[in-house]
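Listed features, source TrEMBL:
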type    : residues                                                  : note
BINDING : Arg10, Val11, Ser12, Arg35, His39, Trp133, Arg134, Thr135 : FMN binding site
DOMAIN  : 18-163                                                    : domain 'Nitroreductase'
Amino acid sequence: MDTLTALTTRVSSPRLQEPGPNDEQIDMLLRAAIRAPDHGLLRPWRFIVLQGRQRERLGDIMVAHLLEQQPNADRRTQNNAYSKALRAPTIIVAVAEVTEGHKIPVWEQVLAVGASVQNMMLAAYEQGIGAMWRTGALANSDLAKEKLGFAPKDQVVAYLYLGTAASSLKSLPDERPADFIRELP
């Protein structure tokens, strides 16, 4: 698949199943990630690759975050939170480990990590790997950042779920770029 085809046809895979990407494919995803644009060459991206039982640790973090927000959450709600970590065979957590006070503002550092996630999604699509970019309240949780080994100043940019698409992917309607262009006032 050529680059333009991947860019113009990529869709997310909300339902994923085994098999997940193999080690060689994950290496290629990460190689694509670290080639993202990065003003100042700060390399703010950090990645945690979770597979197998490691996802259970993320499930525990999800439950801890839930209980921090809702101390009286019932067992069913806790189980639902935990199961979110098991929705894909592989999850790559992408974090912006930011340098505060640098001439490159924090928001640009976060965008660089966002670009790295997009690169991974395109590389996944090209390799036939389903991918879904997830965030949610957990991305802003200081508790989750701490348990993942990051500082409160750092920003979780994505929980990138990876695996085999469990159902056929819905193509998006063709849209006209002109609909998104504005003229200077």
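Placement of Cβ uses the backbone N, Cα and C atoms for every residue, glycine included.
The shown structure was predicted, so the numbers you read here are calculated from the model rather than taken from an experiment.
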On average, residues of the domain 'Nitroreductase' (18-163) score a pLDDT of 97
For a quick check of understanding: among the binding-site residues Arg35, His39, Arg134, which residue's Cβ has the most other Cβ atoms within 10 Å? Arg134
How many helix, strand and coil residues does the domain 'Nitroreductase' (18-163) contain under DSSP? 71 helix, 28 strand, 47 coil
Measuring Cα to Cα across Arg10, Val11, Ser12, Arg35, His39, Trp133, Arg134, Thr135, which the record gives as the FMN binders, how far apart are the two most distant ones in Å? 27
What is the total of other Cβ atoms whose distance to the Cβ of Val11 (FMN binding site) is within 10 Å? 15
Taking all protein chains shown into account, the Cβ-based neighbour count within 10 Å for Thr135 (FMN binding site) is 11
As a test of the contact definition, list every same-chain residue at least 6 positions from Ser12 (FMN binding site) whose Cβ is closer than 8 Å to its Cβ. Met121, Ala131, Met132, Trp133
